[in-house]
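TrEMBL feature annotations, pasted as is:
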- 49-67: transmembrane segment (TRANSMEM)
- 79-102: transmembrane segment (TRANSMEM)
- 114-135: transmembrane segment (TRANSMEM)
- 141-158: transmembrane segment (TRANSMEM)
- 165-183: transmembrane segment (TRANSMEM)
- 189-210: transmembrane segment (TRANSMEM)
- 230-253: transmembrane segment (TRANSMEM)
- 265-285: transmembrane segment (TRANSMEM)
- 292-314: transmembrane segment (TRANSMEM)
- 320-337: transmembrane segment (TRANSMEM)
Amino acid sequence: MDLKFNSSRKYISISVPSKSQAMSPHIKSVDDVVVLGMNLSKFNKPTQFFVCVSGVFMFYLIYGYLQELIFSVEGFKPFGWYLTLVQFGFYSVFGLIELQLIQDKRRRIPGKTYMIIAFLTVGTMGLSNTSLGYLNYPTQVIFKCCKLIPVMIGGVFIQGKRYNIADVSAALCMSLGLIWFTLADSTVAPNFNLTGVVLISLALCADAVIGNVQEKAMKLHNGSNSEMVLYSYSIGFVYILLGLTCTSGLSPAVTFCSKHPVQTYGYAFFFSLTGYFGISFVLALIKIFGALLAVTVTTGRKAMTIVLSFLFFAKPFTFQYVWSGLLVVLGIFLNVYSKNMDKIKLPSLHGLWKKSAEERKTRTLSQTI
């Protein structure tokens, strides 16, 4: 349709494209979710979920093994913040490379939002890495398994969400399991330190907020995964660099790592690469399914990481780890059940009692006859 007005001084032309005309690639891809060059939007929901979960488990299991391997290097434990700096540097480079491979390179999410996300990311990963200098690795992981608790709190205050009785029960089971696991660790672990508990707890609080902020920002501004990774981690890199420079923590870390380049920078590269791939799938989970389901998936992955940690690295063991871990797993199951109540029908106590009464009545009648 064309509307034209001619006069001696003006010429106005308004054109409206017909339906047969192709839309621009940008408009087509507004809602696309692309992970490592793979467009998940072309698949149905179950396939998207399977691909994301497979990616999270595969890459983060390798990530967890390499993280513990790095901290097993003698003398490296005081340099958790420097490892985070190197990790953020690699993430920024990986994000920049991936952003060049996609068609739309514009930044959609505001810079102020990225500054907040970067600060929270620094707190999450920096405090988590540093806590390994004070805690047994499985204890750190079991704390991270209970991220659901602060995520729920953050969901209430940031997004105004409301949770049902199953979610609350899940949080309670996780809290009790976490307390039991920590008490067991303080009994058998020779390097247990309360400072590590404080650090990982603060990391969890930041992690709870960041999941909700990322979900809200990505859905509101339709930002891509590669954009989120590039800007949040590059700004975070600057934060950590300034912090290490001001506290004189940069020079000792550089000196130590230069003496052990393969065990530090070499491992850190693959550690960062698998972490980057993993975070790409986590961001896809957040964008498609929401922060709570993403946390549930990553929590299941962490439970498997604990088992692998005991298999590959020698450390004290007590069966209290098993019982407290099972309590946390119960919390994870309750959380998954609460999200699928319409698909998973568990029998009620009243139903079980009624069924038992009917069976007793049937047996009595058969005996009478």
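Glycine is no exception: its Cβ is also placed from the backbone N, Cα and C atoms.
If you look at the structure here, what lies around each of the features I listed?
The list of residues near the transmembrane segment (114-135) in space but at least 6 beyond its ends in sequence, with Cβ under 8 angstroms from a Cβ of it, reads 67-68, 71, 77-78, 80-81, 83-84, 87-88, 144, 185, 189, 191-193, 195-197, 199-200, 202-203, 206-207, 209-210, 213-214, 217, 228, 231-236, 239-240.
Using a Cβ-Cβ cut-off under 8 Å and counting only residues 6 or more beyond its ends in the same chain, the transmembrane segment (165-183) has close neighbours at 139, 142-143, 145-146, 148-149, 152, 197, 320-321, 323-328, 330-335, 337-338, 341.
Tertiary proximity for the transmembrane segment (189-210) is limited to same-chain residues at least six positions away from its ends with a CB under 8 Å from its CB atoms, namely 117, 120-121, 123-128, 130-136, 139-140, 143-144, 146-147, 149-151, 153-154, 158, 182, 315-316.
Counting residues 6+ beyond its ends, the transmembrane segment (265-285) has Cβ neighbours under 8 Å at 33, 35-36, 40, 48, 51-53, 55-56, 59-60, 62-63, 66-67, 69-70, 83, 86-87, 90-91, 94-95, 98, 214, 218, 225-226, 228-229, 257, 293-294, 297-298 in the same chain.
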Any contact between the transmembrane segment (49-67) and the transmembrane segment (292-314), i.e. 3 or more CB pairs below 8 Å with pairs at least 6 residues apart?
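When sequence-distant Cβ pairs are counted, the transmembrane segment (292-314) touches the transmembrane segment (49-67), since at least 3 lie under 8 Å.
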Other than its close neighbours in sequence, what residues sit by the transmembrane segment (230-253), given a CB gap under 8 Å and a spacing of at least six beyond its ends?
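Cβ under 8 Å, 6 or more out: 78-79, 81-82, 84-85, 88-89, 91-92, 95-96, 98-99, 107, 109, 111, 114-115, 117-119, 121-122, 126.
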Other than its close neighbours in sequence, what residues sit by the transmembrane segment (292-314), given a CB gap under 8 Å and a spacing of at least six beyond its ends?
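Answer is 52-53, 56-57, 60-61, 64-65, 68, 72, 137-138, 141-142, 144-148, 151-152, 155, 211, 282, 285-286, 325, 328-329, 332, 335-336, 339.
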